[in-house]
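Peer 1: Pasting a structure here, questions to come.
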Amino acid sequence: MSAARPSAHETTGTGTASADLLLLLRERQPLVQCITNAVVTGFTANVLLALGAAPAMTDVPTEAGPFARIASGLLVNLGTPHAEQREAAVEAAHAAREAGTPWVLDPVAVGALPVRTRLAHELVALSPTVVRGNASEVIALATGGAGGRGVDATDEVEAALDAATLLARTFGTVVAISGPVDHITDGHRVVRVHTGDALLTKVTGGGCALGAVMAAFASLDPDPLRAAVAATSVYTIAAEIAAEGASGPGSFAVGLLDALDAVTPELVAQRERLA
């Protein structure tokens, strides 16, 4: 059993936004609707639960829209976009926009496959709060070009920064580019997050679950850049902690859930590395 978590009404003494938002998340336990891919549904739900949020995997048309209006945050992940889920994603995104629910678009493999590419362009036009993807996905979404090998990036993170800036300014969104060093921009400011571990790339859902964490944090702060940075810092610091005790991808996946449960605002403040 993990130690009791501090209340958000207690001062952390850290003065860091990421630490303070972690406290707030654990007090509010935001309800995060996840329209995500079939491969990562269980892992994503467990990540949110371990962190202190409440997952809801509501992805059925006629239910997805109404739920997005009452959820704290919404994730739309295009990893396995079957027909019913595509309908639910568009319905939920429209509802979130109308209700002011912050939402995250993860355009998995955009540019590599036609169905998800059309859907990604339709959804980004609805101005998601955050777009999260690898460098190749961000470039493809911004330029209409090819997007690497499915979910794998073939471009460097720095090479995608111009595309991310264009996306952010065009659609009024924050763009988070995942990589060895995550780059996050609102089109004017750029923050680089220097925490994480390569084992995240060896676990199915390691990146997709971060989109759900971003949706949780986006519900807590009116500045989506600050929220995306906090989500990335907390998640990647937990990954570092998990990697320290892991013997490989299997133990890392379990350890990541334990680390997300155990990570404290004080640890976040100590280990966060931003530039």
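Heads up, the Cβ atoms here are built off N, Cα and C, so glycines get one too.
In case it's useful when we look at the structure, here is the feature table from Swiss-Prot:
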- Met57, Gly205: substrate binding site (BINDING)
- Arg132, Ser178: ATP binding site (BINDING)
Peer 1: About how far apart, in whole Å, are the alpha carbons (Cα) of Arg132 (ATP binding site) and Met57 (substrate binding site)?
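Peer 2: It is 19 Å, counting Cα to Cα.
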Peer 1: Can you give me the Cα-Cα distance between Met57 (substrate binding site) and Ser178 (ATP binding site) in Å, rounded to a whole number?
Peer 2: 24
Peer 1: Counting Cβ neighbours within 10 Å across all chains shown, tell me which of the binding-site residues Met57, Arg132, Ser178, Gly205 comes out on top.
Peer 2: Arg132
Peer 1: C-alpha of Ser178 (ATP binding site) to C-alpha of Gly205 (substrate binding site): distance in Å?
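Peer 2: Cα-Cα, rounded: 13 Å.
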